[in-house]
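These come from TrEMBL:
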TRANSMEM  6-25  transmembrane segment
DOMAIN    34-243  domain 'Neurotransmitter-gated ion-channel ligand-binding'
TRANSMEM  245-269  transmembrane segment
DOMAIN    252-358  domain 'Neurotransmitter-gated ion-channel transmembrane'
TRANSMEM  310-329  transmembrane segment
TRANSMEM  417-436  transmembrane segment
Amino acid sequence: MAPGHYFWAIFYFACLCSASLANNAKVNFREKEKKILDQILGAGKYDARIRPSGINGTDDKATQVFVNMFLRSISKIDDYKMEYSVQLTFREQWLDERLKFDDIGGRLKYLTLTEANRVWMPDLFFSNEKEGHFHNIIMPNVYIRIFPYGSVLYSIRISLTLACPMNLKLYPLDRQVCSLRMASYGWTTADLVFLWKEGDPVQVVKNLHLPRFTLEKFLTDYCNSKTNTGEYSCLKVDLLFKREFSYYLIQIYIPCCMLVIVSWVSFWLDQGAVPARVSLGVTTLLTMATQTSGINASLPPVSYTKAIDVWTGVCLTFVFGALLEFALVNYASRSADRAADIQRENMKKKRREMEQVSLDAASDLLDTDSNATFAMLRQCEVHMQPPKRPNCCRTWWSRFPTRQCSRSKRIDVISRITFPLVFALFNLVYWSTYLFREEEED
């Protein structure tokens, strides 16, 4: 071949390469996306009312929808209303072969839509939902991705308030299981089946913080339901929450123990300090009653007895028992004083009778014989001399001549020992019982 022919061949090849590069540079992928969307979703080409075909394009098989979610936050768990609030990113993925398109040699990975009504959507709903809303700040937090082989990915961020039936028998030493249930509303299992995405269908944000609970674990399961109209596909996530006990230890248990111990101070006060002992008993009783009312106000009225009810009830009983103990001591003390007064009156009466008898005998002797009378008066004077002055201990003890006085003091002494021992025994039984029941539930 002549050198001129080589030159023209090289020139022609260079022109072809430059033209090809120019054509590639002029490709507008946004325009391509628009043409593809118009092609697959154009009028008369796609009907969003018809569900996609089943496995391998068979019409008699159910459409499979794979579900996964990302748990962003849990704002509150309400014991009174038995509900909890959660924010999550919810995703569904299914295959719709009607949406296949050319990916331009792998350059177009997927198409993105923001209008969910353009394609067929599963009729999923949250069966235990109380309230819910979408997020539209700044733009609606939702997208639909259509992949070249016809796969559709739907993702949306939502906030839900869900019902969570609770068993509060072990409150506040309890664990609660709150579920998130998703089901098909109109399509039966013959037409639509929800499945958990393989791998990691539920993800939880790191450092999830809850005020009074800890998320221990979560479990995914199926919960298909049968009704008069057929069987419907259902998915559920069980969230296991453990209640943080430290808050209740500081706010409830320790203050109740302190109130019970303060009520025992009256056992060391004097029996005569009636205002002090009554004020102490009534104050601790009213404080304990207020504490109990505040606890019950934050919990729903249930038909069974809770662990906190047992604790507050026993503490209230101990405080009330301390007040009754003082009433018993006061009654025994007044009975002793009354008996002592009666005995003193009897002694004074006997002494006056003896003095009267001595005076009568002396006057009779004066009329008969003066000498004898003088001797008798000397003898009477000897007999009527005032008694020796008793010591201070006998004077103090003479105020309590009966055993009833020691009985009232004995009540205080026994109470100083009995009340703490019984309360310690109650604590041993209480904590061993409820902590053991908590382990059994685990």
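Every residue gets a Cβ built from N, Cα and C, even glycine.
Bear in mind that TrEMBL entries carry predicted annotations, made automatically and left uncurated.
Residues of the same chain lying 6 or more positions beyond the ends of the transmembrane segment (417-436) and with a Cβ under 8 Å from any Cβ of it are 170, 173, 260, 264, 267, 307, 310-311, 314, 318, 321-322, 325. Residue counts for the domain 'Neurotransmitter-gated ion-channel transmembrane' (252-358) under DSSP (helix as H, G, I; strand as E, B; rest coil) come to 93 helix, 0 strand, 14 coil.
Summarised as a single figure, the pLDDT of the domain 'Neurotransmitter-gated ion-channel ligand-binding' (34-243) averages 90.
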